[in-house]
Amino acid sequence: MKVVENQSLQGLNTFGVVAKTRYLTSLNGLDDLPQYAEWLSANDVPSLVLGGGSNLLFKNDFTGIVAKVDLAEKSLIDSDNDFYYVQAAGGENWHQFVRWTIDQGYAGLENLSLIPGTVGAAPIQNIGAYGVELVDVFESLQAFDLQTGEVREFSKEACQFAYRDSFFKSQAYGRYIILSVTFRLAKKTDWKLNYAGVKDQLEGEPTARAISDCIMAIRQSKLPDPAVIGNAGSFFKNPILDKSAWETLRAQNENLPGWEQPENTMKTSAAWLIDQAGWKGHREGDAGIYKNHALVLVNHANATGADLWGVAQQVIYSVQDKFGIELEPEPRVL
Ligand SMILES: Cc1cc2nc3c(=O)[nH]c(=O)nc-3n(C[C@H](O)[C@H](O)[C@H](O)COP(=O)(O)OP(=O)(O)OC[C@H]3O[C@@H](n4cnc5c(N)ncnc54)[C@H](O)[C@@H]3O)c2cc1C
């Protein structure tokens, strides 16, 4: 394991903001893990596990060590009458892995096509898109515990998946490095086509490849490409409200969207709230809200992390003021 000092993070975050880390290392194999744990106990600095940097905002330089997970490998590890069990290492590129499963004839991940980042980060916020979440196809994961130095297996229940959340994003933040994820992909296909116009835009019979292609095309038409305009996808989570609070707000705002959730709650649309508060397309220097999607905070060129966070905070205050709802950022803000 090699540790280098004073490294730029600009190419390692999809906002493309200029930031530096005091130390940077790459975890390429399982042998690196005990060495990394030892390094951390010998050097009393903050640590950050990094995948593709597509769900992070660096407001400042990082004063500790960034460990980039570069573990690679993917294979079919088992199958039974109903499922294929496919395992991928934490450093595998998520979208390339999804397309690889399709090439092998395994269906189930197609709706999650073109989400940036790595396999190891996917469970952190239970990634989701177009009516499917990671939890729907998840079997188990293996993670290295930086406190005990042991590798531990986590079942679905132990991961405590919720909407854009998990055990790893909340209670255990920073404690585990996710080494590999095992997916349970059903042999009997159950296409999810009812979300955001997928059915209308799909050409011909549904297949995993056709759905993946269709979702890639929809996403490319709606979301900015981080290689062109820096962003981290949706910057705000959709708020979950008590049903009675949602009904009160709906009485004052007849177009307020709402989707039934468990335990008498409703999810509403952060994009709608931000749009109504007048922020869509807003720009301050190079920081702004994307003109085609109110959830996406964008770096048009040279915005700093502080500039972007400044715009995000104004959006949060303004939505709180207008609707009494406190928006929560989806990415990790550092
Ligand atoms: C254009 C765009 C579109 C997006 N669309 C979606 C979408 O549709 N749905 C969605 O859910 N998300 C979406 N995202 C957000 C993002 O792609 C996902 O959250 C993705 O899983 C982040 O992966 P990453 O490897 O880049 O994680 P990073 O940004 O590197 O890290 C995110 C968090 O995970 C932790 N982490 C990363 N890897 C590991 C590991 N191996 N072990 C332990 N902790 C780890 C980090 O410490 C950090 O807290 C989008 C982002 C962009 C830029």
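Yeah, the Cβs are placed from backbone N, Cα and C, and that goes for glycine too.
Automated prediction, rather than curation, is the source of TrEMBL annotations.
Long-range Cβ neighbours of Arg164 (active site) (same chain, at least 6 residues apart, Cβ-Cβ under 8 Å): Gln125, Asn126, Gly128, Lys237, Glu330. If you look up TrEMBL, you'll see Arg164 (among others) marked as active site.
Look at TrEMBL and you will find Ser234 tagged as active site, proton donor. Close to Ser234 (active site, proton donor) in the fold, though at least 6 residues off in sequence, lie Ala270, Leu295, Val296, Glu330, each with a CB less than 8 Å from its CB.
Sequence annotations record features per position, and here TrEMBL assigns active site to Glu330 (among others). DSSP classifies Glu330 (active site) as coil under the three-state reduction.
Confidence for the domain 'FAD-binding PCMH-type' (15-188), expressed as mean pLDDT, is 97. Sequence annotations record features per position, and here TrEMBL assigns domain 'FAD-binding PCMH-type' to 15-188.
Packing around Glu330 (active site) is summarised by its Cβ count: 20 other Cβ atoms lie within 10 angstroms of its Cβ, all protein chains included.
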